[in-house]
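Comments concern the structure below.
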Amino acid sequence: MPTITLPDGSKKSFNAAITGQEIAESIGSSLAKAAIAVRIGEKLQDLSDTIACDADVTIITDKDEAGLEIIRHSCAHLLGHALKQLWPQAKMVIGPVIENGFYYDIEADHRFTPEDLAVLEERMQKLAATGYSVKKEWTPVARAREIFHERQEDFKIRLIDDFDADVKEVGLYYHQEYVDMCRGPHVPDMGKIKAFKLTKLSGSYWRGDAQAEALQRIYGVAFRSKKELDDYLTQQAEAEKRDHRKIGKALDLFHLQEEAPGMVFWHAKGWTIYREIENYMRTKLRKYGYQEVQGPQILDRSLWEKSGHWDKFGGNMFTCCIDNHDFAVKPMNCPGHVQIFNQGLKSYRELPIRYAEFGICHRNEPSGTLHGIMRVRRFVQDDGHIFCARNQVRVEIERTCRMVYEVYDDFGFKNVELALSTRPEKRVGSDEIWDEAERGLQEALEAQNLAFRLQPGEGAFYGPKIEFTLKDSLGRRWQCGTVQLDFSMPARLGAEYIDEHGEKQTPVMIHRAILGSLERFIGILIEQYAGNMPVWLSPVQAMIMPITDTHADYVQNVMQKFIAAGIRAEIDLRNEKISYKIREHTLQRVPFLLVAGDREKQSNTLSVRTRDGKELGVMEIATIIEHIRHLIETKSQEIE
């Protein structure tokens, strides 16, 4: 006779075991109609699952984030249902939920095309419109294996074979003639699926292993309503216009090519942006007391084994063998910084010691995940490592957070979200060390009144971390900065200092990156500003154009004045109409377009126009220089 406690504290008693659907019906018909799943304690379950004991119960609808995630997961099953009707020989692999939607990996001889997606989506719409019921059956593992063997679903069988020995049953979901396997929960019927769209195709591999079977991945998005879907698609259309790959090509910033997958060829203009950011960060490093260092590109396997990276990260490392020794190209900079710290015994009076490096890192990311300069194999990280005593941790974390916010503000990101990621299953170090590390980060955030959300299990293998996520002009979120507390690696690599009592102690190591990788951050900036970079970041800050050849000497002299003032100015002496030049440099997103004719030459002035088409009139050269210098020095997002 279970007693159910509802979110408002009210209780309901039942004479026998009861399902989530029956509980919803006992509360009201409208809730029963809207119900998608049920939360029992902390666990989400299907409405058809029975509850035999006393429990805290919440009915989940599409108004809950969990409900929307369930809708998206069920859309993946709907995709499988429709696809097997259209291409019966295809083999279904996995279909998880991702941000805003879902995907399904498929093995098939047929090569899917964008035209196929339209056909597949239409079949999904027809199936969803019937509102058919989804049936769940708990099935013995052996029987589930037989079912998928009969259906020639080889990958489902492999998944079953990977189950732990104590797993006796598996949840099978029946979508009419289609069967899928999942932990669930899922919607009780297709009437709950109201708005979805298939979006793109890509390649993938079984378990992400490039040596395993090649698969095809179909992506989709799903929302609560058609309006939410339409809003999302409108946003995506705007994001498409801002695609950093397209803008990077149009503005001659960089390129990528097959001979160097995941590695960027920086052109002069793109490299100007890169170096401007690097130089800006150096000013912050000096302000906050960092020593800039540089470590080797490759290190012996033995060091990576000591640090724990070989065991936890080995599959993503590029390796080589030299003189019968295994080496790895560094995927991160921290072990190298410990080696620098270890040169000469340190005193507590020297702490904290703050190292920074624009470290070139390489990670063997799967080819299917590479994306422009946002996801690459060779990148530079604005890495920093602070070695300090335990009683200095809180102050250093607070200083680092101030530095992070200062940097983001200068780049125009005002909306920053924080998350505290705690210990993962695979980790190094004792629980006591993790307790202290997690507590240290949380107290530092609370001391600064910084709001954050907890992300259990998402920390690095060597310590918990604070993650800084930027929200851009389209409302998209980009996780960039991290601050990670590490009590483990310094001990593993023999880092020590002498305390005030003359005893050897192991320092605490704080890992921090603000921009993340410079490549990815530049990609974010390009999309944030749609290529219209703030003046201080613009590769060319002013383009000076003579109306005729008779004004060429004048503009050349003017350009030298701009350059002497530290402004990146160029001149366009081509024999083209001035209107043509203005249009071309407007498309190149040059902030200031400066024109010189007879009037300007005689009065030692320039006619000023901005890239957004605003005419600022005729201005004296000194005034223009002063204005542009002010915009550069203040890191202004404006150009007027």
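Backbone N, Cα and C atoms are what each Cβ position is placed from, and that goes for glycine too.
These features come from Swiss-Prot:
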DOMAIN    1-61  domain 'TGS'
REGION    243-534  region 'Catalytic'
BINDING   C334, H385, H511  Zn(2+) binding site
Quiz item: What is the number of other Cβ atoms found within 10 Å of the Cβ of H385 (Zn(2+) binding site)?
Solution: 27
Exercise. Inside 10 Å of the Cβ of H511 (Zn(2+) binding site), count up the other Cβ atoms and send me the figure.
Key: 22
Quiz item: When the pLDDT values for the domain 'TGS' (1-61) are averaged, what is the result?
Solution: 89
Self-check item: Helix, strand and coil totals (DSSP H, G, I; E, B; other) for the domain 'TGS' (1-61)
Solution: 14 helix, 23 strand, 24 coil
Self-check item: Other residues, Cβ within 8 Å of C334, H385, H511 Cβ centroid (Zn(2+) site)
Solution: M332, N333, H337, V338, D383, G384, Q484, D486, M489, M509, I510, R512
Quiz item: According to DSSP, does C334 (Zn(2+) binding site) fall in a helix, a strand, or coil?
Solution: helix
Quiz prompt | Coarse DSSP state, helix versus strand versus coil, of H385 (Zn(2+) binding site) | solution = strand
